[in-house]
Amino acid sequence: MKISVLQHAPSAHLPTRPGDPTPTSRNLDPLMHPFSRARERTRALNAAKMERMFAKPFLRALEGHIDAIEVLCKKPGTLNTVASGSWDGGILVHDIAEQKQVHRILDAHKGKVSGLCFSQGNGLLSCGVDTNIKLWDVSPRDEEAQQKPLHIFSGKSPFNSIDHHRSDAIFATASNIVQIWDETKTAAISNLTFPTATETVTSVRFNLSETSVLGSIGSDRSFTLYDIRSGKAERRVTMQMRSNALAWSPTLPTLVLLASEDHNLYTFDVRQLSSPTQIYKAHVSAVMSCDWSPTGLEFASGGWDRTVRIWTEGRGTRPEVYHTKRMQRVSSTIFTADARFVVSGSDDGNVRIWKAKAHEKLGVITARERAAIEYRESLKERWRYDQEVGKISRARHLPKAVHQAAKLKETMLEAQRVKEERRRKHTRAGESKPKAERKKVVLAEQS
């Protein structure tokens with residue numbers, strides 16, 4: 001009987017000696033190419049380059065206004081209807097899908113149109129600095145005759161903002177106080193104010209889920225919560241700088257977004273208003289408007305720095321940046337109801353339509369194209385931490401003025417940080433402690 005002896009390769013038990021070649025590990029799977037990882041990285045790099053090459057977000061500029069655009073609003077339940085109000089007192093209704101004007105109201109107000117919102121049916125509510133609220137019928141029509149409002153509500157002071165209830169025939173206005181109106185009555189049915197508040201209310205918005213709750217911002221840097229069931233203000237916070245716009249999250253009823261004068265945006269949980277949940281930093285001038293995507297995963301903002309920025313919820317830096325040579329200071333931005341487009345209004349009198357994803361292809365996409373797009377997206381996601389792929393994906397072109405302002409802002413913030421550090425260094429130990437950035441936003445809270 002033969003006995004077989006197991007023998008190992010000589011290199012398996014010999015110690016490694018200086019100068020020996022490094023042993024190589026080989027994948028014995030015939031389906032796995034030895035250069036598959038290198039090929040995949042090259043494909044990810046090409047996918048990132050293609051995304052930047054095809055990033056053309058600007059679609060169309062809709063004309064019609066002869067002065068700066070103050071406010072935009074979208075019609076609930078539709079994908080393509082947007083109304084705009086201007087400093088010239090005119091109101092235009094646009095069809096985003098056909099990229100044209102479908103309704104026009106000349107001289108709707110004496111002075112600027114400060115607020116717009118759609119009511120039930122084909123009604124459009126507008127308010128202005130002429131102390132009037134007007135209800136218009138904006139059904140599509142062919143003639144361009146001078147239109148008269150269906151109803152006029154008179155106030156005692158100029159109005160700054162208006163918002164309609166999601167289901168009931170009531171709406172809220174902002175002036176020196178917050179007022180609740182009924183469409184069937186000529187006078188306000190309720191006045192809401194904080195006992196010690198003397199500010200001018202600049203904006204008011206109903207919560208999209210808890211429809212009896214509404215929030216407002218004022219000229220005294222305040223953010224106030226009201227409950228129309230109790231008819232009074234519930235909570236109020238005073239911030240470091242004034243807010244210019246607010247928007248409620250469509251998916252999280254307790255989350256509110258504030259656009260601030262200090263170049264930042266803040267998200268607050270109304271259950272805990274002592275500090276924001278997230279700070280969004282990229283603008284180099286005052287942020288004038290903000291609006292959530294219907295999915296609640298993104299939001300758009302427009303600022304005094306002449307740019308429109310699209311942010312990912314929870315990520316406070318590196319937003320998508322949109323700008324053109326002719327676009328001036330952006331006063332209003334909204335997302336369309338399908339979350340595919342962003343509409344902006346600026347001081348040059350144009351309503352501009354942008355793609356929410358700059359590199360997205362419009363039109364019919366075949367199954368083969370869809371599979372290729374999804375494969376490239378998965379490659380970019382997998383290789384996003386690679387140095388070259390990440391650098392290309394993060395690269396954004398900024399106008400020269402914005403780039404210079406960003407550098408100046410960075411220098412000022414660094415000087416402020418050094419000043420605080422030196423002050424702490426030359427004070428008694430424990431007397432001056434560093435304060436978190438989120439703790440500096442809110443100065444006082446009242447309830």
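For all residues, glycine too, the Cβ spot is worked out from N, Cα and C.
The region 'Disordered' feature in TrEMBL is assigned to 1-33 (among others).
If you look at the repeat 'WD' (106-146), the same-chain residues 6 or more away from its ends with a CB under 8 A from one of its CBs are 67, 70-76, 81, 83-91, 93, 152-164, 169, 171, 173-174, 181, 183. Under the heading repeat 'WD', TrEMBL lists 106-146 (among others).
Annotation source TrEMBL lists repeat 'WD' at 280-311 (among others). With a cut-off of 8 Å between Cβ atoms, the residues of this chain six or more beyond the repeat 'WD' (280-311) that come close are 244-252, 257-267, 317-323, 327-335, 337-339, 342, 344, 346, 354, 356, 398-399, 401-402, 405-406, 409.
Same-chain neighbours of the repeat 'WD' (323-364): 50-52, 54-74, 76-80, 82, 84, 86, 92, 94, 96, 99, 288-295, 298-308, 310, 373, 398-399, 402, counting only residues six or more beyond its ends whose CB sits under 8 Å from a CB of the stretch. Residues or ranges marked as repeat 'WD' in TrEMBL: 323-364 (among others).
Among the features that TrEMBL reports, domain 'Sof1-like protein' is placed at 356-442.
In terms of DSSP secondary structure, the region 'Disordered' (413-447) contains 17 helix, 5 strand, 13 coil. If you look up TrEMBL, you'll see 413-447 (among others) marked as region 'Disordered'.
Marked as compositional bias 'Basic and acidic residues' by TrEMBL: 428-447. Same-chain residues lying 6 or more positions outside the compositional bias 'Basic and acidic residues' (428-447) and placing a CB less than 8 Å from one of its CB atoms are 194, 196, 221, 234-240, 266, 273-276, 279, 420.
Confidence in the repeat 'WD' (323-364), given as mean pLDDT, stands at 96. In the repeat 'WD' (280-311), the DSSP tally of helix, strand and coil residues is 0 helix, 18 strand, 14 coil.
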